[in-house]
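Heads up, the thing below is written out as structure tokens.
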Amino acid sequence: MSQDSQHGKWTISDSEDEDNIIPPTPQKDSNKPSIKPDLERKPDTVTTFFKQERKLSPKRNEDTHSVKEPSAPSMGSEARKAAHVNQTLPVKYESHPSPSVKRKRETEEAGWNLSSSDDETPPPAPKKEPKKSDVSPKKKKTEDKRPPSPHGTSYYKEEPADFFETNLLSMNDMYRFYLNKVTGIPKKFNTGALHIKDILSPMFGTLKESVQFNYCFDIPWMVEQYPPEFRKMMLLWYEEGFRVIILTSNLIRADWYQKTQGMWMSPLYPRLPEGSPGTAGESPTNFKSDLLEYLEAYRAPELAEWIDRIKQHDLSETRVYLIGSTPGRYQGPAMEKWGHLRLRKLLSEHTKPVLNEERWHVLGQFSSIGSMGLDKTKWLAAEFQRTLTTLGKARKSLTSPETQMLLVYPSVENVRTSLEGYPAGGSLPYSIQTAQKQLWLHSYFHGWHADVTGRSNAMPHIKTYMRVSPDYTQLAWFLVTSANLSKAAWGAMEKNNTQIMVRSYELGVLYLPSAFNMSTFPVEKNVFPASSSSKGFPVPFDLPPQHYSSKDQPWIWNIPYTQAPDTHGNIWVPS
């Protein structure tokens, strides 16, 4: 089977679904919590511990849910290691570009994030015949370095002083959901958004120590984001308590510059009185115990002290639910601890049916796509849609055909006309190898349009899922997470639905109206400038989403785009 398009002729492979094979190194676009606490008064120094997300190659037992870690787990994905050979960079547009056009490589900066899909493999590197001139003394290995930025260092401009927040008046304390600031858009669309420099500023507390969980770090840039009095070696505690921030961005400059990101910032958690029982400080959403269980799943000795400290604090003000994924195969009650079955359990227990619920749409928005199988019944419209359509205790075994699933993912034109231009596609790693096996999926796609937040041209690295009313004015629930659209991130059922297999670490927070004493969330029509008195939920993109036109194609990162230049006059020619 084949299909013609602007990308050329795609041939459908009849190979087995690649998600049935556990790769040696699970890959994902991983974004984990930045935990910013203060528990005991320490000397006036700040240390920061950076914990890079581990890419495990676990030995799994098919019949149990145990996972044995290797003695030396890989600290980076194969895709990232190969990126030094396979750098996808832009070249200047020519009216008649030559097929053999060579790209000028930008090597000045190692800050570009190649976010990799959970089960994608990098495009193969071109084979080169060895030349005598290529022979040189042994060079130092660079596998652990990030690929250089497509833009180079000169692309990034210093933000003016008024770019950053100076007070908390515009912060929405009700939902505590914020977008990042974006360079190059009108100022009003950044009023109430947060830059990492805002998060680390004295505005939120007197910083003493921090720990950062993430996949990708740029340490020199990160240090610059701390206030001068807090720049020393890096681990975020405050004198006044601690915070948890769960965000969708990596800790590199490119992720905080011209992309759309999201985050949840906790209240400032105070310390419990001495002698408090171990169960003290829990929230109605069970956030404290769920957070501790997630941290313990890392099995990292260096986190033991932090786990003990968190136990000593009062997290009772938390109004969101934690939804995580950790690699492994799970059976019995453990099946509902992680992934989409965890979401299904919470939706079953803490939501109620709504009037005409079969007409309420399921909406998913993401920045990467894994293998869905040869048709929608393999996973997307089966177990995953059943989870997303759960409202209260199950009354039906099958989802209604009236319920629409709308998927928001940038088109080629979205990327081409973005603030970054084609290089924005480096963080949207949907490969041609995966796309050609699931052309059926593309009929679900809607473009990225975010006029409501001024971010239509800031490509999304944020991931959100929600259930929205037929008129798009109400939400039954909302989730912001690191989990992209993949079985690896959300989990897939096995063994006649008696086991679920998850392949990556993910983390997100679920907003349920019941935790806010509401029946549904009203959708906020005026997200910016932000207002602390707003009761509407700030959905980061336009509703209703716009379906792809007949000319639109989903962005695929490892094929060329030479028919038209981007906003910087470049074309896209992968190696």
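Using the three backbone atoms N, Cα and C, a Cβ is placed for every residue, glycine included.
All annotation found in TrEMBL is predicted automatically rather than curated by experts.
Taken from TrEMBL, the feature region 'Disordered' covers 1-157.
Annotated compositional bias 'Basic and acidic residues' per TrEMBL: 29-44 (among others), in sequence order.
Annotation source TrEMBL lists compositional bias 'Basic and acidic residues' at 51-68 (among others).
The feature compositional bias 'Basic and acidic residues' is assigned by TrEMBL to 126-147 (among others).
Taking all protein chains in view, 12 other C-beta atoms sit within 10 angstroms of the C-beta of LYS232 (substrate binding site). The substrate binding site feature in TrEMBL is assigned to LYS232, LYS463.
The feature active site, proton donor/acceptor is assigned by TrEMBL to HIS461.
The site 'Interaction with DNA' annotation in TrEMBL covers SER486.
Cβ contacts within 10 Å of HIS461 (active site, proton donor/acceptor), excluding its own Cβ and spanning all protein chains shown: 26. All protein chains considered, the CB of LYS463 (substrate binding site) has 25 other CB atoms within 10 Å. Other C-beta atoms found within 10 angstroms of the C-beta of SER486 (site 'Interaction with DNA') number 28, with every protein chain shown included.
Recorded residues LYS232 (substrate binding site) and SER486 (site 'Interaction with DNA') have their alpha carbons 39 Å apart, per Cα-Cα distance. Distance noted between the C-alpha atoms of LYS463 (substrate binding site) and SER486 (site 'Interaction with DNA') is 12 Å.
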